[in-house]
Amino acid sequence: MPTISQLAKGCRVKKTWKSKVPALNMLYNSLHKKELKLSAPFKRGVCTRVATMTPKKPNSALRKFARVKLSNGIEVNAYIPGEGHNLQEHSIVLIRGGKVKDLPGIRYHIVRGTQDTTGVAKRSQGRSKYGAKRPKKSK
């Protein structure tokens, strides 16, 4: 509990909060050339580059990522989850928030099974995360 003299020196300061996915919190109105703060769960974009990256120290792999120019004009790096993909330059993708722990600078994931992105083939468990359809039952 603060004393009166402590409160007289200055009131309590609210903690400032910074978004972990800033590109999803901005909307661009091209008609009026204005930027608005409006958060969205997903954003559509066009791939400008598809490449691989090596993860941070204890891990070793070639992780796939894409540079995506979003519909609000911001360009971000997005991780391509799952094994194998069909993405190339000019592919239209949908991105969601969520960083990859061992890839610095990647704060977004590409949603598999939407737009030009196909789902992961032969995926039987955790299918919804990778856009895979339910396998046909064999008799």
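Cβ from N, Cα, C; glycine included.
Long-range C-beta contacts of Asp102 (3-methylthioaspartic acid), restricted to its own chain and to partners at least six residues apart, with a cutoff below 8 Å, comprise Pro55, Lys56, Asn59, Arg63. Residues or ranges marked as 3-methylthioaspartic acid in Swiss-Prot (evidence: similarity to another entry): Asp102.
Sequence-distant contacts of the region 'Disordered' (116-139) (same chain, six or more residues past either end, CB-CB distance under 8 Å): 81-87, 91-94, 110. The annotation region 'Disordered' is assigned in Swiss-Prot to 116-139.
According to Swiss-Prot, the feature compositional bias 'Basic residues' maps to 124-139.
Shown for the compositional bias 'Basic residues' (124-139): DSSP residue counts in helix, strand and coil, namely 4 helix, 0 strand, 12 coil.
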